[in-house]
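Visitor: Have a look at this one.
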Amino acid sequence: MTKILPVSTISIFRIILILPQINMELLPTKAWLVLDDVKEINEPTKPVQFPLDQASLDCIAKMMAYVDASYNGDAEKYGIIPGIGIAANQIGYWKQMFYIHLMDGGVEHKCLLINPKIINLSANKSFLKSGEGCLSVPKMHQGYVIRHEWITITGFDWLQQKEITITATGLFGMCLQHEFDHLQGRFYYHRINPLNPLFTNKEWKVINPALPSDSE
């Protein structure tokens, strides 16, 4: 006996079959990472087109799998370097997306920004006392990475499925700037004073979070 489905049910099935699907069961691996000696990662990325295609969804799945594993304390389990954020071009997708998941001052911050734009930056500067690291930079570069004390950034947040605006300071603010730099083809060591890597100004805000030394 043939069962006739309602038109609404058939339409739902068609949508499921047609729309690209995101795989949220990926296991992170360091083989995903693109290092800083690759030409493309040193170049500006391109805007993401909507609706997202399968390549964009695959990138989102990888970014979330990698950083969430780090956040959950499973980096050693998967043999990866822990990170609090990752940009799309760090896993070989040359588009404007990044994902952050971290704790800062006892508050959990989590966002996956697509086509982010900086709309304001503080005049005063800031830096992490521990310095910065990067998943795509195997060689450590000693020195203070000078950034802005606060940042206001806007973009489409995939997690909330809407345009959002974030104003952030502290570790979260530093991480937003770090990941945005990646989308411009820049690395943290480009912001270290080449003549005096440990140079500081007494007016600059010092951030001293509890972070693994190799975390991005």
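Quick reminder: no glycine exception, Cβ is built from N, Cα and C everywhere.
According to Swiss-Prot, the protein carries these features:
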ACT_SITE  E179  active site
BINDING   C134, H178, H182  Fe cation binding site
Visitor: When DSSP states are folded down to helix, strand and coil, where does H182 (Fe cation binding site) land?
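Guide: The three-state answer is helix.
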Visitor: Could you tell me the C-alpha distance between C134 (Fe cation binding site) and the residue listed as 'active site' in angstrom, no decimals?
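Guide: Taking the Cα atoms only, C134 (Fe cation binding site) lies 10 Å from the residue listed as 'active site'.
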